[in-house]
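Feature annotation from TrEMBL assigns compositional bias 'Polar residues' to 1-11. The region 'Disordered' annotation in TrEMBL covers 1-24. If you look up TrEMBL, you'll see 127-149, 186-208, 228-247, 321-342, 362-381, 393-419, 511-536, 557-578, 625-646 marked as transmembrane segment. Marked as domain 'TMC' by TrEMBL: 445-554. The annotation coiled coil is assigned in TrEMBL to 658-685.
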Amino acid sequence: MELREFNNQVHSPPDYPSPSLRFQTVPDQDTSAVQFDWASPTEDAEDSKEPRNLRELPLHMGLKKALWQVQQMRVPVVSSSWNVKQSQTFRRFCEVANYILSYFVLWKRGIQKIGGHFGGGVQSYFLFLRFLVILNFLSSLLIAAFVLIPSIVFRSMNLNSTIASTVNLTDEEICLQYDPKPGALLVFYTFILDLVSGTGFMEYSYLFYGYYDNSVTESNGFSYNIPLAYMLMAAFYFLFCLICMIIRMGDTARLVVVMGGEAVGGYSMEVFTGWNHGLQGDFETKAKQNNLRHRLQLDLEEERLKKKAASLTLGKTVSLYALRVFLNLVVLILIGATFYGIAQATLFSQSMKLTGFNGLLLQYLPSMVITASNFVVPLLCNKIALLEKYSAGTTIILSLLRVVFLRLVSLGVLLYTLWEQITCKGEISNNNCKPCHYNYAQYKCWETRVGQEMYKLTLFDFLITFATLILVEFPRRIVVDHCLCKLTQLVGRQEFLVAPNVLALVYSQTVVWTGAFFCPLLPFINTIKLFIFYYCKKTTLFQNCQPATRNFRSTTSNFFFMLVLLFGWTLSSMVLLYSVTKIHPSYGCGPFRLNTAMWDVVPGAVNMLSHTSKEFLFYIGSEKFSIPLFLFSCVLLCYVHALTSVHGKSVTLLKSQCKLEQRDKQFLVRQIEELNAKVQKKQHEPQQPQTETKPLYHTETQWNQHYNNAFDLDTDT
């Protein structure tokens, strides 16, 4: 029989003993369509009353897609309760609302473009800038609603007001003299000088503390206490800023905990998750590659320094620590000299009285010294930090901490010098402070003078930033692009360093917090300033800068920046509390001009309340309420600490399990490599010749229990 006859016959499929599913026998049924019960849920779904996750189903992608489409259409088929329908409707409404509100997010596309070209580190700076813009804008609305708009309305309507006096003015008539209004005829350029320095017509305006009165407006049963509103405005302003910072710090801290900081993964995190898939352009891609290469080099350098530090002898260790102590002393001397220079510049500026342009330079002398010190001293500290032989990460953190200390404490030195001049170094019995309880001869309205100093610091910071953009950054880019000499190519374009720019924003915001009580419109001025800063920084970023080779992770850096901002808020709060409770307010200006202390307006307002309200407030401030509240807070803190420790142990256990899984995978990979080596070795070995061969007629005529006629011998031949 010919072989083609075998092909014409119909045979059942062979039954090979194989574990593979594709060779297993299938029951007699129509397999042309997938049999799946779409309407009836599984037992697990009925028990849990939740749809089963499609990722858990052992189905191919086409079937999963079809199942997902059916699940989307199951709403009218499956009987659902009214609550489920309402929750789905509310969820869809929230999704649509979020989609619509996303178009109103400030600078959304611009910040996304920055992140695509320069990475998440530079993007974090602009996100922080946007946060400060929104914070200052909302704070401006709060100040306008409490103080500014009521003062403008009451002053324009000439409503009746009663002035509350709590001090005896028999011996203080001289202290009431305060008239900053300029004369009728002035040279034109004096208006510009007054605008820049905050004097003249700017001093007696709604911009500063001294223009607000201490009236209690009453009209048709309506009463509004301007001093109380001014005090509550300051309290709500600082409390609102604190709440916003805590919320943002909570979000960033949650990301840091989820990411695990830099302790998880090590080199694997850099290699497998360090790439930014949102980068656009070849230049940005190469910059990111160089950045990853640099970070890996830093990691290797840190490991090398750790091994070198572990192998140091006792003598070398002592000499290294002695060198670090000496360099720290040098840094402290530099910072101390800076503080001394700021104090002397402030004393000289406050003691001398000049007019015209020389007077303007004299008024800006403390601002110039602070700005110059914030530029020069950090450069010297960075050079000194390189000699301390720390790791790269420790060097950066140490330099940043020194810069933060320098910026914030320099502002504190300026304020401390002003307080010494205002309060006669705390000696009220001094001849300069005896009649008015403050240095009236030099500071007729000391609150406005403090507000003017903060106003000049804010304005000078803006002018320096804008001048640097025009006079330094653009010329440097032009020279580097058009000059081919080795020096310019070695210098290259400037790098956009995230940490110094963010610390500059923190310093600016600290100045605003410090002066907001004495200059109520300062948050609004800072909003306009930061709004212009965004476009200036964005322009110089794309036109003049190149991506930095050394930067922070965006998650950890955001938390660090918010922590530094919280330190600035703490410093400003201490200044406010000291001014409100300890220093006597000016007699001739401001809403607290007739009080012995600014805080006296709050007890006076409480005494005007009803008996029930006063008893309630006194109960809240008594030990009967504070002690149970303290105990409850302790119990709550203990519970949170216990919960955190449990979660920490769970995270540690999961990390250890991940490490064990990695070791298991490495073990399996080694086993596979060994088996592959053995198989390849057997394949390369020469095969032994067969000693026994079966004749041709010994070929099996049975195949899968079927008789094969093609292998019958031809008996005719």
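Glycine residues also receive a Cβ, built from the backbone N, Cα and C atoms like all the rest.
Look at the domain 'TMC' (445-554): DSSP puts its residues at 85 helix, 4 strand, 21 coil.
Restricting the average to the domain 'TMC' (445-554) gives a pLDDT of 84. Listed by sequence, the residues of this chain that lie at least six past the ends of the transmembrane segment (228-247) yet keep a Cβ under 8 A from its Cβ atoms are 131, 135, 138-139, 142-143, 146-147, 150, 212, 513, 516-517, 520, 523, 562, 565-566, 569, 572-573, 576, 580, 591-592, 598-599, 601-602, 605. Where the transmembrane segment (511-536) meets the stretches 127-149, 321-342, 393-419, 557-578, 625-646, the count of C-beta pairs under 8 angstroms peaks at 127-149.
Residues 298, 302, 331, 335, 338-339, 342-343, 346-347, 350, 366, 370, 373-374, 377-378, 381-382, 385-386, 449-450, 453, 457, 499-500, 503, 506-507, 510-511, 514, 550, 552, 560, 564, 567-568, 571, 575, 578, 583 of the same chain lie 6 or more positions beyond the ends of the transmembrane segment (393-419) yet place their CB under 8 Å from a CB of it.
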